[in-house]
């Protein structure tokens, strides 16, 4: 189809050329391919209205989707020249209309020549702004304080007596507890001072009040004595303890009866105590609360501190020397001791004044590089070391407003002096005293401004010059008084998270970078505008229309009137009402051509047709005075609507879109510095240990102490079993104990003997319970019976024949001797082996005296038992018997003795 149109265009071009050669004033016909222009009459006028040029909006659409036009039949040779030219004009108009429809959004403007009614001038160069930066940058070192959430800790001593009353029922071989009553009683002040601390002993009784009645408990149900305190078996890392007894006292054993036993264990225990702000109470490590301030006392106005107890329950002792109950050593320095008795215990602790002992703020961070910058109505303290930014007011914060803040100034000065001596001593000097600011979030900043030595010398020189320039008699300006601090005090609350300061630091970091970048861009932009203003002033002389339109922001026409420009507003013309002609040659002047294409347009759709010339950038000029000599090889591209029209040899060739022409950018790339990387480090306001330790009660420590109490102050390994002899031994022991030292000595012997007997009996009993033991005992009993039988026979024999029983061998010899030799054969026998009657009589007399001696001894023994009178009576009786019973025998001769001696 495009080939057929091209042939038609060539035919039309040939005919137009022939007409032009016949009439010299007629312009040459262009070659129509793709886009065509309206034909021009031989006399230079338009032969017909050309079709509109396509708009640029549809150019890309046509490139994306190429729509083939309907196929037309090939043109047949025209019968004559006029018919061929008419057909070519119709084809050109149709093609131009199609182009106009595609580029309907292109706008044309008619700019009338300015008359000078409106004149404008260029603005003078502006003063470029400066970059927005922080003011009063100051370098220095800082100490950041936070709220002190740690409790006040101190050592305390508890004095109490554990009272245990047990009810036991005893069986024969077992015992059963019927009830156990346990209570805790406080130790009186006098006993604490005079007994425990002075001698290391404690009374065995406990006097305390229950149900508003005073009661007394006696240890072991006995009279009151002093018991020595001994160290506890188990000691913790943070405390020690002492007590008087390990074992619980059980009552004496009486079978089938209920008995009661009382145990009083005096305990002295060192514990940790803690108190939190406002220090109105404290709690012990055992979990016991004391509703009194640890700083309460009678010295230095401490009586105004809080207490919930009566005055007689509290006592303060000056010059108190504590004693170590383990080593019995006495402290070298005295203290002021507070004593408080409660219904359950007595507690003692060393009194100290409140003001220097506690502080509501504590040091958090020491920053050796802190930058202070003023932004608006606030200071911003930034540190790269901790990656945080703190925001404060411009006014300083008075330390007198901080409740219990005496440590702030002292700790701040010490830390600042230490950091300055370590890092800045040789290069900087301190400027004034430390300044204090309250930052958002409850952080108190102690800031010490620093100044380098070089700047300090410059400031000193400048100050000296100013002093030299002042008149000598000038009076110094009065110093401004510092604003008075608020008399009321407050406690600074610090947030537990520092994330807001980290975000503030990030925001300031980004803000500083962006503001720096935008500031540089603003300065560069301003300077560029000032530089371009010179170029605009020169360019307006060359093309005032373009300069004025670019400056005003809309299409205007302009011309120079000296140093000012006269401008007039351009009238827009719809693209459908503009027609471009196909020839740029001047028909009436051979060799002269138009430098820009000719156009015909209407202001309105039905308005009259106006002839003009296409200006720059779709401007429609009302005149056709843009001429130039015709040249060979002429090629031009002109903006027409949304695209370009191409003329070759001053004749229309074709139309193309702006996308078909390579674009050369006149913009300069802006090189912007990228934001540098910044790494955040973990930063905690309060550590896990500080948060755990911030509470008033440490439940772990309380549970540990409660479960360790029995292990420390009681013997859990000794077992007392049911024993029937325990009552007997207890009675004997009590009996001998009441007899004094001698009784106790005798009691030890007796108890040993009784213990041996009981042990022997117990051994026999256990031996009998064994089968082999029972058999052995049976054999022993049988042997004993046999021995008793023989002994009984011997006694009977002794009664019947004593001599035979006593002298069995002698009587046996007498029986076996010759019977004739005894008293036979007259006198010889009498003289020889017969019985001597005198000797028999003597033997009887001896037996009688032996019986008499036995009777006298028995009588005297009985008289000794009866008394002195009986003894005298016995003596008299013996004397009488001796006088009555004189000897009735004559002395024996010594013949036998002499004979015996001769035989020897």
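Yeah, the Cβs are placed from backbone N, Cα and C, and that goes for glycine too.
What Swiss-Prot records for 1-22 is signal peptide, and it gives sequence analysis as the kind of evidence.
Here Swiss-Prot flags 40-83 (among others) as region 'Disordered'.
The N-linked glycosylation site annotation in Swiss-Prot covers 82 (among others).
Residue density at residue 570 (disulfide bond): 20 other Cβ atoms are found within 10 A of its Cβ, drawing on all protein chains shown. The annotation disulfide bond is assigned in Swiss-Prot to 111-570 (among others).
Annotation source Swiss-Prot lists disulfide bond at 128-526 (among others). Sequence-distant neighbours of residue 128 (disulfide bond) (same chain, six or more apart, CB under 8 Å from its CB) are 522, 523, 526, 527, 530, listed in sequence order.
Feature annotation from Swiss-Prot assigns N-linked glycosylation site to 136 (among others).
Taken from Swiss-Prot, the feature region 'Involved in fusion and/or binding to host membrane' applies to 168-174 (among others), supported by sequence analysis.
DSSP assigns residue 202 (disulfide bond) to a strand in the three-state reduction. The Cβ neighbour count for residue 202 (disulfide bond), using a 10 Å radius over every protein chain in view, is 27. Annotation source Swiss-Prot lists disulfide bond at 202-266 (among others), citing experimental evidence.
Annotation comment: Swiss-Prot describes 253-260 (among others) as region 'Involved in fusion and/or binding to host membrane', evidence class sequence analysis.
According to Swiss-Prot, the feature disulfide bond maps to 359-407 (among others), an assignment based on experimental evidence. Around residue 359 (disulfide bond), a 10 Å sphere centred on its CB holds 21 further CB atoms from the protein chains shown.
Per Swiss-Prot, the feature N-linked glycosylation site maps to 393 (among others). Residue 393 (N-linked glycosylation site) carries a strand DSSP state (E or B). Within 10 Å of the Cβ of residue 393 (N-linked glycosylation site) there are 13 other Cβ atoms, across all protein chains.
What Swiss-Prot records for 425 (among others) is N-linked glycosylation site, and it gives sequence analysis as the kind of evidence. For the recorded site, residue 425 (N-linked glycosylation site), the DSSP three-state label reads coil.
What Swiss-Prot lists as region 'Disordered' is 467-490 (among others).
The N-linked glycosylation site feature in Swiss-Prot is assigned to 486 (among others); the stated evidence is sequence analysis.
Residues annotated as disulfide bond in Swiss-Prot, with experimental evidence given as evidence: 593-630 (among others). Neighbour list (residue 593 (disulfide bond), Cβ cut-off 8 Å, at least 6 residues apart, same chain): 584, 585, 586, 627, 628, 629, 630, 634, 650.
Under the heading N-linked glycosylation site, Swiss-Prot lists 671 (among others), citing sequence analysis as support.
In the three-state DSSP scheme, residue 526 (disulfide bond) is classed as helix. Residue counts for the motif 'Golgi targeting' (849-852) by DSSP state, with H, G and I taken as helix and E and B as strand, are 4 helix, 0 strand, 0 coil. Ranked by CA distance from residue 202 (disulfide bond), the recorded positions 359, 425, 570 have 359 at the top as the closest. Counting Cβ atoms from all protein chains shown, residue 407 (disulfide bond) has 19 others lying within 10 Å of its own Cβ. Per-residue pLDDT, averaged across the motif 'Golgi targeting' (849-852), gives 73. All protein chains shown were included, and the count of other CB atoms within 10 Å of the CB of residue 526 (disulfide bond) stands at 15. Between the disulfide-bonded residues 111, 266, 630, the minimum number of other C-beta atoms within 10 Å of a residue's C-beta occurs at 630. In the shown protein chains, 11 other C-beta atoms lie within 10 A of the C-beta of residue 425 (N-linked glycosylation site).
The shortest Cα-Cα distance between residue 359 (disulfide bond) and any of the recorded positions 111, 425, 570 is the one to 425.
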